[in-house]
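Peer 1: I have a structure here, written as structure tokens, and I will follow up with some questions on it.
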Amino acid sequence: MELSDSVTHKNGRQRKPAVPQGDMSDGNRVRNTTPDLEEEGEALLQGSDTENNGHPSVQPGIRGELGNVSLLLFLYVLQGIPLGLAGSIPLILQSKNVSYKDQAFFSFVFWPFSLKLLWAPLVDALYLTRFGRRKSWLVPTQYLLGLFMLYLSVIVDTLLKSDEGQGPDVITLTAVFFMLAFLAATQDIAVDGWALTMLSRENVGYASTCNSVGQTAGYFLGNVLFLALESADFCNKYLRAEPKETGIVTLSDFLFFWGVVFLVSTTLVAIMKKENARGQHGKKKVREETQSVMETYKLLVSIIKMPAVFTFCSLLLTAKMGFSAADAVTGLKLVEAGVPKEQLALLAVPMVPLQVLLPLIISKYTAGPRPLDVFYKAFPFRLLIGLGYAVLVWWTPSLKQDGGFPLYYYAIVLFSYALHQVALYSMYVACMAFHAKVSDPVIGGTYMTLLNTVTNLGGNWPSTLALWMVDPLTSKECQGAAGQNCGSPEETGVSGRVCLHGRELPDNFTIVLS
């Protein structure tokens, strides 16, 4: 029931350094020229983890930088909010009987995180020195996010409302949430780059923890919590003494609240937080080289041309083809089979501690010189879990009862989801650890963004293709109206009664999916 790999695979991780091998370049030295390709190729395979004086870095502890860690954690939480909201829309659309073609079209909302490489060099190269290299992008981007969420709170109910004979306005919904995701992706680039200099080199590894925990918490708030509070059934059953027809909050209310939070918090960051050049105890932090836009793009091209990088990117672009359909379609198929969307969302609640602990546990096995070994070992297990999801989708309709689904069914779904999370995070943490090991901090977020956006793209294009192919590959047999086609929402109807070509059919008319 993983809604989208794009919701959980975002930023890079800095892992415990491996022992350098061979003649390596200094990863912390500021270079005035484009890195040599051969030297960078060696860095891709071996990494560089020494200080400027040639001695291994010493871990002084994080106590002196708790304020910076807290700020990074908060920024990643804010980043997860719009992603969680975007992830909840497919479930809402599915409950309104939109086609899988519409779902595939809406899946383009998550593509900005796969395309941010196109404008990441701009974020690295253009800024106001006096205001701060990262704040120059972070502050206006978060202001735009807040304003855009306030605007969306006014129009979203109209876009989701199903008029007679028409469903939600999927095209406009996709456009507005795409813009929201675009702004979140730009904020992501700025935060990723700022994390490299906000924390000292000794403590930069904590950025990965902030990333994982913050995005998980933000996605939880924007997806699971929202779907639960928006559901009238859930609120009436667990939170209210007197039943009502609506939930405690609406999507417009939720968007308005977080729009205000974005505006207020961004103002505080702009006024109170400065981009300092020195860390705790007066130690200099990692400096980033300032380059022009064209130099940054040329450097990006030179990185892509490296044989090792090109081969690795090819792997990332194709690795998720085997389980993309299971990840993208399973949750929607369960909603189509009658599983309440809020119940599916609540199944993610027990997964939160697992999602927080898994990166910490798995990082022990990815901190060595071969972090991708974990990726390779988890790959076949994730393929098997995808087959299990297919069996679950086939089995679900036969278990539906008048009162819903039995408790043991949800236990099986939860167990399947937990296995999926273990395999997913094993591959995710391994990739991020490898990315952090080979990324050069001299060019800020560009190197990391290249690898992470290719990873996201490798998950998004197979998912979009899988959603697009669901309707053509699904056959629908109409019983009680021989010879009639039941392939579109207009023909099967979007209300309680089933209508075909404008003619209401009897109550015993059924549609059999195969």
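From the backbone N, Cα and C atoms, a Cβ is placed for every residue, glycine too.
The structure displayed is predicted, hence computed values, not measured ones.
This is the feature table in TrEMBL:
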REGION    1-34  region 'Disordered'
TRANSMEM  73-93  transmembrane segment
TRANSMEM  105-123  transmembrane segment
TRANSMEM  143-160  transmembrane segment
TRANSMEM  172-191  transmembrane segment
TRANSMEM  254-272  transmembrane segment
TRANSMEM  299-323  transmembrane segment
TRANSMEM  343-362  transmembrane segment
TRANSMEM  374-395  transmembrane segment
TRANSMEM  407-428  transmembrane segment
Peer 1: Of the listed stretches 73-93, 172-191, 254-272, 299-323, 374-395, which one has the most C-beta pairs under 8 A with the transmembrane segment (105-123)?
Peer 2: 172-191
Peer 1: Looking at 73-93, 143-160, 407-428, which one has the highest count of Cβ pairs under 8 angstroms to the transmembrane segment (172-191)?
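Peer 2: The stretch with the most contacts is 73-93.
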Peer 1: Is the transmembrane segment (374-395) close to the transmembrane segment (73-93), in the sense of at least 3 CB pairs under 8 angstroms with a sequence gap of 6 or more?
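Peer 2: They do not touch: fewer than three Cβ pairs between the two stretches lie under 8 Å.
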Peer 1: Counting only pairs 6 or more apart in sequence, are there at least 3 Cβ pairs under 8 Å between the transmembrane segment (254-272) and the transmembrane segment (143-160)?
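Peer 2: By the criterion, they touch.
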Peer 1: Between the transmembrane segment (299-323) and the transmembrane segment (374-395), are there three or more CB pairs that fall under 8 A, provided the residues in each pair are separated by 6 or more in sequence?
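Peer 2: Yes, the stretches contact each other.
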